[in-house]
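Chemist: One structure coming up, written as structure tokens, with questions to follow.
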């Protein structure tokens with residue numbers, strides 16, 4: 001049976017939970033679209049996160065890798081379009097590291113684009129009644145670090161799709177951040193199942209607008 005690798009992060013930035021791991025862990029050992037889903041937690045640490053991710057890819061030989069992260073303040077499930085080759089941390093990671101304007105891969109390309117059918121994934125989520133959109137930036141913290149590192153690793157591995165999805169706060173987190181949007185864990189789980197099915201089945205992305213004016 002083919003394998004799908006899906007990752008989430010440990011809590012960071014003073015939060016007690018990270019919605020990415022809270023939801024991703026629920027998918028561990030699930031069978032979706034004929035594939036076994038394996039969930040792995042990544043440390044919210046520059047460098048170490050990619051060490052754990054790369055080891056999992058090497059051990060599992062997945063056909064699809066989805067990295068999931070928290071984006072507090074976003075209202076939608078946001079499927080990332082691109083990762084850039086820069087670490088520029090507004091806050092320290094979980095080991096106190098705070099790189100500023102450092103490349104993720106020395107002499108690497110400026111950016112890597114997701115190899116997922118990002119617009120088809122967003123469309124399928126919306127059809128299921130789940131708020132979703134394409135995101136034009138994964139930030140410059142550990143999420144972008146992981147997305148760039150993932151796509152850089154997959155560049156020489158044939159027939160493996162990969163990319164990154166940001167998810168909102170859970171309601172219990174938003175309660176501590178008055179006015180912040182949130183999404184229930186079960187809704188996010190449904191969205192990630194849709195993302196997996198769509199990514200596995202759609203080879204050519206749909207041609208619909210997903211851009212932004214700013």
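Cβ coordinates are placed from backbone N, Cα and C, and glycine is handled just like the others.
Below are the features listed in Swiss-Prot for this protein:
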ACT_SITE  80  active site
ACT_SITE  143  active site
ACT_SITE  166  active site
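Give me the structural setting of these features: burial, nearby parts and distances.
Modeler: For residue 80 (active site), the Cβ neighbour count at a 10 Å cut-off comes to 25, with all displayed protein chains included. Classification of residue 80 (active site) by DSSP places it within a strand.
Using a 10 Å Cβ-Cβ cutoff, residue 143 (active site) registers 25 neighbours. According to its DSSP assignment, residue 143 (active site) is helical.
Annotation note: residue 166 (active site) sits in a strand segment as assigned by DSSP.
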Chemist: Give the sequence-ordered list of residues that share a chain with residue 166 (active site), lie 6 or more positions from it, and have CB atoms under 8 Å from its CB.
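Modeler: Residues satisfying the criterion: 68, 69, 70, 71, 74, 77, 78, 80, 135, 138, 143.
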